[in-house]
Amino acid sequence: SHAKEILHCLKEKYFKELQDLEVDGQKVEMPQSLSWYPEELAWHTNLSRKILRKSPQLEKFHQFLVSETECGNISRQEAVSMIPPLLLNVNPHHKILDMCAAPGSKTAQLIEMLHADMDVPFPKGFVIANDVDNKRCYLLVHQAKRLNSPCIMVVNHDASSIPNLQIDVDGRKEVLFYDRILCDVPCSGDGTMRKNIDVWKKWTTQNSLQLHGLQLRIATRGVEQLAEGGRMVYSTCSLNPIENEAVIASLLEKSQGALELADVSSELPGLKRMPGITKWKVMLKDGQWFEEWKDVPSNRQTQIRPTMFPIKDEEKLKAMNLERCLRILPHHQNTGGFFVAVLIKKSPMPWNKRQPKVHQKLPQRTGETEVTAANSDNGSECVTEEPTLAENEESKKAQELQNSDTEQSKKEGVCGPPPSKKMKLFGFKEDPFVFLPEDDPLFLPIQKFYALDPSFPKMNLLTRTQEGKKRQLYMVSKELRNVLLNNSEKMKVINTGIKVWSRNSDGEQFGCAFRLAQEGIYTLYPFIHARIINVCIEDVKILLTQENPFLSKFSSETQKKVKDMAMGSIVLKYDPDPEKPDDLQCPIVLCGWQGKTSLRAFVPKNERLHYLRMMGVEVFKAKRKEEESESKTEEEVQQRLVQTEEGMDVEDKEHDLVTKMEAEIGEESSPSPVESSAMEVENKIEDLDQSSKNANSHVRQESKDTDASNVKD
């Protein structure tokens with residue numbers, strides 16, 4: 001609901017300010033909406049990053065973009081890379097796997113689609129976002145965290161052998177098949193040649209020859225895990241047929257009719273595209289061309305594989321409908337180059353024909369399963385069967401060793417890190433995910449204090465610690481809980497769940513030791529029946545711009561409501577008035593704290609700025625000192641952040657100190673409010689090494705139950 005308000009704000013305010021603007025003697029081109037993206041929710045600007053960052057005239061627009069990006073309300077992304085999630089046709093009940101997800105822009109689109117209806121706090125679907133690179137997984141967590149969804153899980157596996165997961169369906173174990181799979185594979189990236197200078201220096205035909213096998217293995221693993229009737233989108237930012245049509249043709253050929261290419265010519269009207277090609281040749285690094293596999297000399301047959309060549313059988317080729325693939329060329333609509341193919345699974349893969357029966361037996365009779373899988377393996381499919389066989393072998397050993405431990409930990413609701421020592425060698429050792437036991441004494445005071453609805457799914461609450469005080473409570477959807485509890489020994493989970501409550505020692509004297517966390521408030525709000533104060537728009541402005549304002553500053557209605565309420569954590573709710581169209585037209589829910597004589601909001605800085613902007617309050621603060629006095633609002637908000645963001649958490653004094661120090665440094669050098677850390681978001685894809693380190697440390701601390709993201713802000 002906030003997207004429409006941001007769009008209105010962009011059009012009515014920021015774009016109007018760009019009209020007739022000249023930078024370095026050149027007239028600024030107005031941003032244009034992408035005609036093919038639904039509801040004008042994607043816009044393109046020709047302004048380079050350098051001009052955006054350095055031009056004083058564009059400073060306000062730049063601050064707006066950076067601040068809203070940090071909030072998760074705007075994402076900066078290559079236009080063509082927005083296409084695959086749109087072609088997946090996601091519904092809120094879909095189980096989705098994103099196989100090669102980092103840095104996370106497409107994952108963010110998928111999460112957004114799951115939450116199409118803001119009134120449903122827990123959609124039935126979820127996104128499992130995977131990446132093979134441990135560091136990039138933390139970048140992925142950082143991107144996904146901005147959207148505050150209880151339906152996302154980040155895992156760290158090799159996509160070509162990602163394990164089969166199991167879920168509990170009415171008391172029996174079943175293999176998890178996904179309704180939608182996004183398979184955006186690693187590629188040579190030659191479609192990015194307009195923005196990526198490295199492509200010109202390093203490009204060689206060898207790149208594609210080396211990647212083709214991996215791409216085919218990942219795509220094969222994807223279709224194996226796709227549910228019948230499900231949709232998988234295969235995409236690359238390359239224009240080389242070896243990485244594109246060759247992979248799709250090979251997949252279609254070995255699927256023996258189980259897969260078909262979907263005709264998406266009527267989808268995304270306005271997007272200029274070319275059909276997939278059916279004829280191509282293969283070239284070696286030294287310039288030798290080959291038209292058929294039989295022409296390849298034996299000493300080159302390890303570099304060039306039969307699957308790289310086009311299908312010779314005309315009838316087979318025609319039945320494949322390769323022209324249904326999409327090729328997007330850079331000069332058609334001023335984008336990068338891109339390839340997309342949409343596959344639909346009509347029946348199980350031929351080498352997995354007995355799959356459902358086999359996997360239902362898995363928990364009781366592993367030995368027999370292994371034999372069945374081995375027997376169904378025919379020689380030509382040995383490459384694709386390998387992961388499955390290895391997995392069965394592994395799970396057999398794991399089950400023998402782990403059975404008693406696993407059963408015990410499941411009873412306790414603990415999802416620890418995988419037992420395999422190998423997996424712990426890569427990246428950090430993650431803390432376990434511990435679900436709150438049903439009879440946990442911790443929950444009763446919370447339930448009573450906030451008058452939680454009986455339908456509140458308390459079984460979905462988890463912490464990241466087995467011993468000591470629980471400092472943060474996180475929440476996942478019921479479906480993700482099912483996945484977590486049944487797969488802890490075979491899955492390396494990096495992060496899942498949103499923070500809904502934080503321990504606050506001051507609160508104990510008022511009846512509840514946990515205060516509400518803003519990240520999870522939109523998920524929690526439908527279940528809370530007490531401690532809600534409905535406020536008018538003027539009250540919201542006071543809450544977001546003033547430091548701990550006295551109750552006397554609020555409207556008389558608010559004062560009356562607060563009068564009879566005990567001190568402690570509260571919910572502040574603003575409902576739009578349709579009769580006042582000039583006021584903000586989307587609902588706002590804020591976490592707050594009621595003191596003896598005052599009322600304050602607990603909202604991260606960028607989110608504060610977001611709400612104020614939407615209400616038409618000027619929050620821009622120029623970098624230059626002579627202009628500082630023009631806008632005090634921003635300064636107040638910043639000072640307020642320092643005192644409130646962590647202030648109520650007595651245990652987090654150390655972090656308070658860091659935040660205050662950062663704020664002091666910030667005041668000395670007077671940077672723009674969101675300049676320092678937020679600019680990393682802009683550099684994520686290009687400067688991946690650096691930013692993955694930043695995101696790594698940033699999100700790593702967060703998973704250790706601290707408010708690291710607030711500290712960073």
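For all residues, glycine too, the Cβ spot is worked out from N, Cα and C.
According to TrEMBL, the domain 'SAM-dependent MTase RsmB/NOP-type' annotation covers 1-346.
The S-adenosyl-L-methionine binding site annotation in TrEMBL covers CYS100, ALA101, ALA102, PRO103, GLY104, SER105, LYS106, ASP131, ASP158, ASP184. Remark: GLY104 (S-adenosyl-L-methionine binding site) has ALA129, LEU139, LEU140, HIS142, GLN143, ALA144 as non-local neighbours, by Cβ distance under 8 Å and separation of at least 6 in sequence.
Taken from TrEMBL, the feature active site, nucleophile covers CYS237. Taking Cβ-Cβ distances under 8 Å and a sequence separation of 6 or more, the neighbours of CYS237 (active site, nucleophile) in its chain are GLU78, VAL80, SER81, CYS187, GLY189, GLY191, THR192, GLY336, GLY337, PHE338, PHE339.
The feature region 'Disordered' is assigned by TrEMBL to 351-418 (among others).
Under the heading compositional bias 'Polar residues', TrEMBL lists 372-381.
If you look up TrEMBL, you'll see 624-638 (among others) marked as compositional bias 'Basic and acidic residues'.
Residues or ranges marked as region 'Disordered' by TrEMBL: 624-713 (among others).
Look at TrEMBL and you will find 650-663 (among others) tagged as compositional bias 'Basic and acidic residues'.
Taken from TrEMBL, the feature compositional bias 'Low complexity' covers 668-680.
Positions annotated as compositional bias 'Basic and acidic residues' by TrEMBL: 699-713 (among others).
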List every residue in the same chain as CYS100 (S-adenosyl-L-methionine binding site), at least 6 positions away in sequence, whose Cβ is under 8 Å from its Cβ. ASN130, ASP131, VAL132, ALA159, CYS183, ASP184, VAL185, PRO186, ILE218
Cβ neighbour count (10 Å, all chains) around LYS106 (S-adenosyl-L-methionine binding site) is 26
Same-chain residues at least 6 apart in sequence with Cβ under 8 Å of the Cβ of ASP158 (S-adenosyl-L-methionine binding site), in sequence order, are VAL132
